[in-house]
Amino acid sequence: MWLFALLVTLFYGVEGSIYLPQKLYGEVTSPLYPKPYPSDLETTTVITVPMGYRVKLVFWQFDVEPSEGCLYDYVKISADKQTLGRFCGQLDSPLGNPPGSKEFMSQGNKMLLTFHTDFSNEENGTIMFYKGFLAYYQAVDLDECASQPNSVEEGLQPRCQHLCHNYVGGYFCSCHPGYELQKDGQSCQAECSSELYTEPSGYVSSLEYPQPYPPDLRCNYSIRVERGLTVHLKFLDPFEIDDHQQVHCPYDQLQIYANGKNLGEFCGKQRPPDLDTSSNAVDLLFFTDESGDSRGWKLHYTTETIKCPQPKALDEFTIIQDPQPQYQFRDYFTVTCKQGYQLMEGNQALLSFTAVCQHDGTWHRAMPRCKIKNCGQPQSLSNGDFRYITTKGVTTYEASIQYHCHEPYYKMLTRAGSSESMRGIYTCTAQGIWKNEEEGEKMPRCLPVCGKPVNPVTQKERIIGGQPARPGNFPWQAFTTIYGPGGGALLGDRWILTAAHTIYPKYPNKGKNTNPRTLVFLGHTNMEQIQKLGHHPVRRVIIHPDYRQEEPDNFEGDIALLELENSVTLGPELLPICLPDNETFYGQGLMGYVSGFGTTGNRIPFHLRFVRLPVADREACQRWLWTKKDTSPFSQNMFCSGDPAVQQDACQGDSGGVFAVRDRNRDIWVATGIVSWGIGCGEGYGFYTKVLNYVDWIKKEMGDEN
């Protein structure tokens, strides 16, 4: 027993302090716990937690010799230079002063636990053994900002001059608006030179309001809110700034600026009127001198979305879509025009228009105007013209014109079933385009009228040797010179129907003419006059593929087309002939006319002549060829005309001209044949290319111009 006491004395000492490591939690026990503690001992355990925390201590086991007033053995708890209690006994015993479940709390970060034992533990002569105690401690946050009237530990009470903010393990200080925290982190000094307010509403006041404001201030309170908002200011009572009865604001003054303008300088005891600044940026400058005891000012600022003026149309044709009772920042409106009118921004035509309300309360673009759509001058019509149905010269929306062709030489091409009343009528639409109800934007076409001479030949008797033609008798007649004089007939307004052998003649020992000089004359019955009119350049020469130049006696496929470089202008002496469409044009005895500048009496006439001939019997023509011992093929692509008894026929120079027959049912003239070949001049029958058999080929080559 004595050895045990010696060891304890050596470890703890009779009197001494035990410093526990600084931790956030831990446990404290009596010496040798849970074995009985030694006698005659006094130790102090120092519990320390980090700064900014307090110490909380709770006993879980407590078995210390009980005594009246805990005079023998005891545990004493101290903190903040105060004794929190002196305890002995057992936790559940009424003897002594046990701590029970009480929590002990320090105000600072340190707590002292002193354990004292006397020289013995006897009770009525019997030695008693006590286990001592087991306690747990932990660090809890210290609210440095809380009022601590009982704290006596120096430096514990925070010294924030204005505002104190607690956090776990510490605190920090801040200042009222208009003051600046000093380097000591606790004291505040007036500083209001750059106060900024960005909330959409709030309060702004002078320092210490409603207490007297400090002297020598140079304050700048800036309100900056989102673009598109406007700030409203409402001053509250009391309003009190030093002033003078005779001089305006000589001492202290409040100045208000917005949009670069001074909205006023205020002082005295009359609060300013409510102000709508029409700006999202407002500055309040507050200056004070070195003296005075006025209470200052306070205002409540609010914001609302800035408004733009109501849009107004500049003319009666402008339509503002879905107008609103008011327009605010970022709102927009769209504008259209009444049908037939065009949006115009200056001189620029617009497809659409939208204006947006800007942050400064203005529209981002000016209101446009609506100008009536103008379709412009109608296109000129080839071989036709137009007239105004509505006011002459007016080409704007709903104006109407009517195209017409130069009749009787041209007629307007229309689709099947189209209305006669709407033919050629075009109206200026709301889109600014001339349109026909049936044809749309497509321009009308004036097509040549075929087979309608204004002065048709009326001779009914046969004429021996032919006779001169009068102007307009055969307006389709063409005079060609390639290797010699020849004839042809006008188809449409740019094609010449002729015989292939006039271009590639069947001369022995002559190669194909690959680049003939082809001259075409049109529009007169007099040779001198027709040449004065000038020749028409040829763009293309098209020979039928069945034609064989190298076979001198074979006139199969003796047909050709000349495409002129330019269309000719039709008139009374220049009209096309029609193409046949049935076999009735080839009946025996049917009379036809052949015209040309062919040889008469071994000379070329100076005037167009014609002859009236009947379609001959095919078998008679074939027998006549046999009598002449002519072996030239007389195919189904040919026919013959004439009468050997009267010695009428086409002659040299007439080749390529056409055999013209009048269709009495339709009152048109048709080219049923082309002067092709024969034996001599006026000695019997003449042979012609049968045009009906080549109509499909002709139409194919002419395309949409046939």
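The backbone N, Cα and C atoms fix where each Cβ goes, glycine too.
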Among Cys160, Cys188, Cys192, Swiss-Prot lists the disulphide partner of Cys175 as Cys188
Given that Swiss-Prot records Asp252, Asp289, Asp293 as binding Ca(2+) 3, the matching residue among Asp242, Asp243, Asp276 is Asp242
Among Cys621, Cys681, Swiss-Prot lists the disulphide partner of Cys640 as Cys621
Going by Swiss-Prot, the cysteine from Cys160, Cys164 that pairs with Cys145 in a disulfide is Cys164
Candidates Cys88, Cys160; Swiss-Prot says the disulfide mate of Cys70 is Cys88
Disulfide partner of Cys375 per Swiss-Prot, picked from Cys337, Cys357, Cys405, Cys428, is Cys428
If you consult Swiss-Prot, the disulfide counterpart of Cys370 among Cys337, Cys405 turns out to be Cys337
Spatial hits near Cys188 (disulfide bond) (Cα distance within 10 Å) out of the binding-site residues Asp141, Asp242, Asp289 come to none
The correct three-state DSSP answer for Asn220 (N-linked glycosylation site) is strand
Here the 10 Å Cβ neighbour count for Cys219 (disulfide bond) comes out at 23
Same chain, |i - j| six or more, Cβ under 8 Å of Cys446 (disulfide bond); the result in sequence order is Leu381, Ser382, Asn383, Gly384, Cys405, His406, Tyr410, Lys411, Met412, Leu413
Nearest by Cα to Cys308 (disulfide bond), of the recorded positions Cys70, Asp141, Cys164, Cys192, Asn220, is Asn220
If you tally other C-beta atoms within 10 angstroms for each of the binding-site residues Asp252, Asp293, the top scorer is Asp252
Of the recorded positions Cys70, Cys173, Asp289, Asn582, within 10 Å of Asn166 (Ca(2+) 2 binding site) (CA to CA), in sequence order, we find Cys173
